[in-house]
Every structure is written in structure tokens, then in C-alpha cells.
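*Asks:* Okay, handing you the structure first.
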Amino acid sequence: MTTTTRPLLRIPYTTPLPPGRPIPSTASTLPGAITALAEFLSASWPSSPNYTPFSPLLPSQSTLPQSLLARKQRTLILSGAGLSVASGLPDYRGPRGTYTLNQNYRPIYYHEFCSNHEARKRYWARSFLGWPVVQRARGNRGHVAVEALAGMGVVGGVVTQNVDALHTTPSSPLPIPIINLHGTLTTLTCLTCRTPHPRTHFQTTLSTLNPTFSALLSTLLESNALSTSDPTEKQRRAGRAGLETNPDGDISLPGLNLKYTHFRYPACPTCLTNPDVETHVDSAGALLPTSPAGILKPNVTMFGESLCPETKRAAERAVDEAARLLVVGSSLATYSAFRLVKRAREQGMRVGVVSVGGVRGEGEIFFGGGGGALGGGDGDGGGDGAGARGRRGEKGNQRVIQEVLEMGAGREGVRINLEAEDVLSGVVEVLGGGKVEMEMEMERGAEYGVG
Ligand SMILES: [Zn+2]
């Protein structure tokens with residue numbers, strides 16, 4: 001993580017986003033959505049002789065190097081908090097795209113964390129109580145489905161906005177690259193010496209330094225508020241204890257008299273043992289406000305903080321090497337995620353969205369507001385493509401593109417407003433019959449001149 005003057009991660013929108021219109025219209029039901037998404041994921045690209053690129057920005061087939069073509073067969077998934085809701089980690093947003101879960105929730109800013117001892121106390125106190133929820137969370141059917149699609153060769157990579165590291169835990173590490181766009185909560189990094197430290201050990205130290213908070217956490221755990229995987233029930237039980245959890249592992253303390261100002265947190269163990277670094281701690285090892293060094297920060301991108309440059313580049317590469325982009329469980333409210341979708345669209349890539357509630361830039365993504373029209377025609381779709389492209393830019397363009405998208409029945413783009421785990425699990429069943437593997441083999445054969 002580095003600091004620059006231009007923050008890329010901002011507070012998500014707090015006003016409602018317009019609800020998503022299903023594309024194709026048959027995707028409004030679960031069976032229709034599963035069919036459309038299966039079409040989207042298995043549509044040939046771009047080695048099919050009938051393929052017509054839907055954007056003039058897309059290089060023609062002959063100019064793409066074979067090595068890139070071979071990689072541009074698979075789908076990149078861009079996942080967000082909506083995918084982890086079924087794992088018991090609440091979304092920032094309710095179904096209408098607003099902060100319905102906790103109206104008073106406000107995440108900490110990077111500059112506050114770095115410069116303000118009191119703000120860090122508050123952050124770590126809430127994080128201490130919220131950590132068991134994150135630590136115990138396991139991947140749900142949605143994560144398992146993503147893993148299955150990766151195993152089938154349909155999905156070639158995942159870029160996730162989630163900091164819960166759930167894409168790597170369902171059973172084994174995914175056989176594809178996972179890019180944690182905003183980092184993960186599983187490690188901490190020292191702001192002075194950059195040494196990474198495990199969050200689990202840090203939690204034990206927090207417990208030792210804060211016996212009152214530790215007792216509260218024990219009570220909370222005994223109340224089983226943290227032991228249910230049903231998010232509604234979890235919130236009900238936590239609510240009974242006066243607690244609310246947020247997706248970054250933070251927890252609210254309304255109605256409790258514990259003071260954040262009493263919370264203590266440790267210094268970086270590496271800095272403490274380095275005689276060249278001046279680290280101030282009390283007799284128990286808690287960091288003092290006067291300490292010029294040794295501040296540990298969760299290894300996640302905070303609001304007001306720029307993305308890690310290497311991670312940013314890796315995510316851009318993943319987009320460039322993918323055939324299509326599927327957004328899962330994200331409103332794309334953070335610009336760092338939205339710009340990846342923009343990048344895909346500017347390359348003429350097909351984009352799908354499976355997310356409950358409105359999505360930022362919906363018109364732009366689906367109706368060609370930027371980077372050309374999404375539905376500029378598909379040889380498989382009946383030959384109206386040239387006409388649609390010719391009319392691009394005119395008034396009424398959106399209606400034409402909507403019609404083209406409908407003809408594609410999901411191949412050109414999908415917009416599904418249903419729970420991701422239901423849709424993805426269904427798609428795995430549909431595609432599990434070997435249809436996709438066969439198609440991809442055929443495509444590879446054609447590409448290497450053996451089909
Ligand atoms: Zn350090």
C-alpha cells in the first residue's frame with residue numbers, strides 16, 4: 001500500500017441506484033437467468049467464423065496474437081460483497097442500493113488511521129469484536145460454484161473487492177489467479193517497517209491487552225450470535241446483544257457503555273526488537289500515542305487510500321486477458337472496481353452483471369454510453385448487427401441495442417437481479433454436462449488448425 005495525493009477508493013454512493021432491468025427479459029426468473037448466464041459464459045469468442053465484434057474498438061481477429069487469443073477464451077469474475085452475504089458477512093447495501101443495514105455506519109479513512117491514535121483505538125476495538133465473524137465465515141454455494149466454473153475452464157480468474165479471502169477457502173485453492181483488489185483482513189502490515197503479521201496472533205494480543213472487551217466477546221460468542229450462517233438470524237442475535245456487524249469485520253456498539261478510548265493495541269513486534277527504530281509502548285506492550293513508529297495496519301485498502309500499484313496492474317492484466325467480464329454481487333460503487341468494467345467495455349468485451357439492486361453506470365455498461373454499444377451485433381444472433389452498428393449514436397440507440405441484446409438471449413450481455421449463489425449454482429449444473437468443455441475444445445481445435 002502506498003499513499004498518493006489522489007485517492008481512488010471513496011465512500012460508496014449513499015443514494016439509491018436505479019434497479020437493474022433484466023437482460024434478456026427472460027432473465028427475470030431463476031430458470032431464465034440460469035439459461036441466459038450459461039449462454040453468456042459459453043458463447044464462442046472470437047475464434048468462431050461467425051463472430052462479429054460488437055465494438056469498433058475491438059481489434060479484428062487477425063491482428064490479435066495467438067498467445068493472447070488462446071488466453072482470451074475464459075471469463076473473468078469481478079466479485080463484491082453481495083457474494084459473501086450468504087456466508088454471514090453483511091453487504092454494505094440493502095436491496096435498493098442504500099445503507100439499509102446500518103444507517104450510522106461510516107468506515108474509517110486511511111488518513112485518520114495513520115494519523116490519529118484515538119481513531120485507531122476505535123477501529124481496533126470494533127475490529128476485535130467483529131473478527132470472529134470474518135474468521136469463521138466460510139465460502140457459500142456461490143464461491144463453490146465459482147470454483148467449479150474455474151475447474152471446468154469457464155472462469156479463468158477472479159478479481160474480488162472482498163477482503164474476507166473466501167475465494168480461497170471452500171475446499172482447496174482455486175486453480176486460477178485470485179486478485180484481492182482491496183487486500184485481505186488475514187494479515188497486517190507495519191506502516192514503519194512493512195513487515196506482514198498474521199491477524200490471528202494479533203487478535204490474541206488484543207485479547208490480552210483488553211480483558212473487559214475480551215469478556216464481552218466471550219459473552220457474545222456464548223450467545224451464539226456468531227455461530228449461525230443465516231445472515232438474518234445472525235443479525236437478529238447480534239442485534240439482541242446490541243451489536244451490528246459490517247462487511248469489513250468492523251462492529252458497532254450502540255447501547256453498550258464500553259469506551260473505545262480504553263482500548264489498547266500492540267506495537268509492531270519487529271519494530272520493537274529493532275534498536276534503530278523508536279517505538280513507544282507501555283509496560284504491557286500497548287502502543288503509546290507518542291510513538292513515532294510501529295503502527296500496524298490491516299492489509300486492506302481503506303477509504304481515501306490508493307490501491308496497491310502491483311495489485312492494480314494485475315487486475316488490469318486480468319481484464320485484458322479475459323474474453324468477457326462477469327460482475328457478481330457488486331454495485332460497482334467503488335471506482336477501483338468500476339474502472340475495470342470500463343476498461344473491459346473499452347476493449348469491446350461482453351459484460352454481465354449478477355447482482356441484487358442497482359449497479360453504478362448501468363446504462364453505460366449495457367446501453368453503450370461509453371466505448372461503443374454493447375450489442376453491436378452477433379453473427380449467431382441473426383445478422384442485424386451491421387444495421388445496429390450503423391444506427392449507433394442516434395437517438396433511440398438504446399432501444400435498438402436492447403433489441404439486439406434480446407436476440408442474443410444472453411450471449412451478448414446479461415443483467416440478472418437475483419441472488420448470485422442461486423444463479424451460479426444453477427449454471428454449474430447446466431454447464432456440468434460437458435457442453436462448455438466440448439465447445440472450448442472445438443474452439444481450441446479451430447485455433448490451432450486441427451478442428
Ligand atoms: Zn514494524
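Each Cβ is built from the backbone N, Cα and C atoms, and glycine gets one as well.
Keep in mind that TrEMBL annotations are predicted by a computer and have not been checked by a curator.
Found this in TrEMBL, in case it helps:
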type	residues	note
ACT_SITE	H182	active site, proton acceptor
BINDING	C190, C193, C268, C271	Zn(2+) binding site
COMPBIAS	376-388	compositional bias 'Gly residues'
DOMAIN	55-434	domain 'Deacetylase sirtuin-type'
REGION	224-248	region 'Disordered'
REGION	376-395	region 'Disordered'
*Asks:* Sorry to bug you, but what's the C-alpha spacing from H182 (active site, proton acceptor) to C193 (Zn(2+) binding site), rounded to the closest Å?
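*Replies:* About 21 Å separates the two Cα atoms.
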*Asks:* Roughly how many angstrom lie between the C-alpha atoms of C271 (Zn(2+) binding site) and H182 (active site, proton acceptor)?
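*Replies:* C271 (Zn(2+) binding site) to H182 (active site, proton acceptor), Cα-Cα distance: 25 Å.
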*Asks:* Among all the protein chains here, how many other CB atoms are within 10 A of the CB of H182 (active site, proton acceptor)?
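*Replies:* Excluding its own Cβ, the number within 10 Å is 22.
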*Asks:* Based on Cβ atoms within 10 Å, give me the single least packed residue among the binding-site residues C190, C193, C271.
*Replies:* C193
*Asks:* If I restrict to non-local contacts, at least six residues apart, and a C-beta distance under 8 angstroms, what lies near C268 (Zn(2+) binding site) in its own chain?
*Replies:* C190, T192, C193, T195, H197, T279, A293, G294, I295, L296
*Asks:* Three states by DSSP: which one describes C268 (Zn(2+) binding site)?
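*Replies:* C268 (Zn(2+) binding site) sits in coil per DSSP, no helix or strand.
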*Asks:* Taking ligand 1 as the reference, state which of the recorded positions H182, C190, C193, C268, C271 have a Cβ closer than 6 Å to one of its atoms.
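*Replies:* Near the molecule: C190, C193, C268, C271.
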*Asks:* Would you mind giving the whole-number mean pLDDT across the domain 'Deacetylase sirtuin-type' (55-434)?
*Replies:* 78
*Asks:* According to DSSP, which of helix, strand or coil covers C190 (Zn(2+) binding site)?
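*Replies:* C190 (Zn(2+) binding site) sits in a strand per DSSP.
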